[in-house]
Amino acid sequence: MPSPTSSSASVFSSHLFFVFCIFSQIAQSYAQFNRFFDPSIPEQETVLTDYDYNMIGHFRENDQWFVNDSAMYNPLRFEGDIANSGLNSRSINTFFGDSPLFGIFGVQRNAVRQTYLKWEQARIPYTISSQYSSYSRSKIAEAIEEYRKKTCIDFSPKSAGDLDYIHIVPDDGCYSLVGRIGGKQPVSLGDGCIQKGIIIHELMHAVGFFHEQSRADRDEYVKINWSNVEAGLQDQFDKYSLNMIDHLGTKYDYGSVMHYAPTAFSKNGKPTIEPIEKNVEIGQRAGFSENDIYKINMLYNCPTFTATTLAPENTKRVKSITKKVTSATGSPLSKKGEIGSSIGDKGDRGDNSVLSSLISIHSGLGKCEDRRKDCEFLARAGHCESRFSIRFMTENCANSCGKCIAEEKRKEVCEDARTWCERWANSGMCNQTVFKDYMRQKCAKSCNFC
């Protein structure tokens, strides 16, 4: 029979081990927490720097096709991660102007549908919370770089004149507003959200897109297992008419980064949404699919480009395709299950041409001058030449960056910023409304704009 002393020692050891386990879990959680963000740092609006972009390679990891994206499925938000005020399955018709009052004038056909408010000239001003760690900033920079390489969407640092902008902040989980709502609108990348694919997903909401499985034709492609859906959350799987969500001429995309994962809002861990097509999977968070890229460029009237699709590493999950996007009407109508990630022209979004800088200054928008008190400091730090901050510096610190030249000297630097400008000009793109602003910036010489 054990002595009272040994029994007490055993109980004490057990308690000590239990306390150790608790503190160990807390320490691990704290370490993980600080890897992504530190709430003890005062919240301030910052922008990404050259250092953040340079750290992409340092922190780069193999893109995971599927990740734990449970932070995207908040039952209190519309479709889990959409935070537009008052938006739900019952109010969405009014939200889109799809009511008898608005329908008389066909407003839903002109002002809304898939993105009811687009960002002007595809430029989305942004700020980022000071609470993010270097690792998180690099992952956000990596996602933004994907937009820069593959679309004409320009996430640019907020300037003093930008009233509407997104603020990327580590709030409660992952969420965004859809489209340009006005003012300072949050994009939350909190705990569980610092994955490139998840960041791309939330930013794509801000660009103006809803989820893929909300399409009117989704029942032809996926099956909803209602018996596995958490009670009271059935409306998170509603679908919406073409009056509200524009498919932009593309077929259903199983591989869209905007698609629900198989167990979204599951009450028992079993699939709530399953592909009808065999040998395909849904809910990937590695990055854009080809159709994601096409739809963004289609919606924002981006200039034509050639997209070469790379085969995914795991060919058992998806098939590979190669498409040439030749015009705004030539959509990649992929077959069921065919997805991929496109690589656009890497130079097409480069805003480091002298011509682009000069045009933005001499476009009649105001005097060529510094608009910030810290311009000289920023210029000395090299931000005038950085490809990541040159547009911001040109708009706000033109004088310190040496961009203020006499108007009569403008023609001396009139040039094309792209090698294919003459060919595009001969095709008539200089005078086409959807391309005119782009051609004015990149092909001023061929278009005789200077």
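The backbone N, Cα and C atoms fix where each Cβ goes, and this holds for glycine too.
According to Swiss-Prot, the signal peptide annotation covers 1-31. The N-linked glycosylation site annotation in Swiss-Prot covers ASN68, ASN225, ASN431 and rests on sequence analysis. Summarising the annotation, Swiss-Prot assigns domain 'Peptidase M12A' to 110-303. If you look up Swiss-Prot, you'll see CYS152-CYS302, CYS174-CYS193, CYS368-CYS404, CYS375-CYS397, CYS384-CYS401, CYS414-CYS450, CYS421-CYS443, CYS430-CYS447 marked as disulfide bond, on the strength of sequence analysis. Per Swiss-Prot, Zn(2+) binding site is recorded for HIS201, HIS205, HIS211, and the stated evidence type is sequence analysis. Feature annotation from Swiss-Prot assigns domain 'ShKT 1' to 368-404; the stated evidence is sequence analysis.
Sequence features, as recorded in Swiss-Prot, placed on the structure.
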residue: CYS174; record: disulfide bond; Cβ neighbours (10 Å): 28
residue: HIS205; record: Zn(2+) binding site; Cβ neighbours (10 Å): 24
residue: CYS384; record: disulfide bond; Cβ neighbours (10 Å): 21
residue: CYS401; record: disulfide bond; Cβ neighbours (10 Å): 20
residue: CYS404; record: disulfide bond; Cβ neighbours (10 Å): 15
residue: CYS414; record: disulfide bond; Cβ neighbours (10 Å): 14
residue: ASN431; record: N-linked glycosylation site; Cβ neighbours (10 Å): 10
residue: CYS443; record: disulfide bond; Cβ neighbours (10 Å): 26
residue: CYS447; record: disulfide bond; Cβ neighbours (10 Å): 20
residue: CYS450; record: disulfide bond; Cβ neighbours (10 Å): 16
By Cα-Cα distance, the member of recorded positions CYS174, CYS193, HIS205, CYS414, ASN431 nearest CYS401 (disulfide bond): CYS414
CYS368 (disulfide bond) to CYS443 (disulfide bond) - Cα separation in whole Å: 22
ASN431 (N-linked glycosylation site) to HIS205 (Zn(2+) binding site) - Cα separation in whole Å: 31
Cα separation, CYS443 (disulfide bond) to HIS211 (Zn(2+) binding site) (Å, whole number): 36
Recorded positions compared (CYS152, HIS201, ASN225, CYS302, CYS430) - highest count of Cβ atoms within 10 Å: HIS201
The domain 'ShKT 1' (368-404), counted residue by residue under DSSP: helix, strand, coil: 13 helix, 2 strand, 22 coil
Candidate with sparsest Cβ neighbourhood (10 Å radius) among CYS193, CYS368, CYS375, CYS397, CYS421, the listed disulfide-bonded residues: CYS368
Assigned element (helix, strand, coil) containing HIS205 (Zn(2+) binding site), judged by DSSP: helix
Those recorded positions of CYS174, CYS193, HIS201, ASN225, CYS384, CYS447 having Cα within 10 angstroms of CYS397 (disulfide bond): CYS384
Assigned element (helix, strand, coil) containing CYS174 (disulfide bond), judged by DSSP: strand
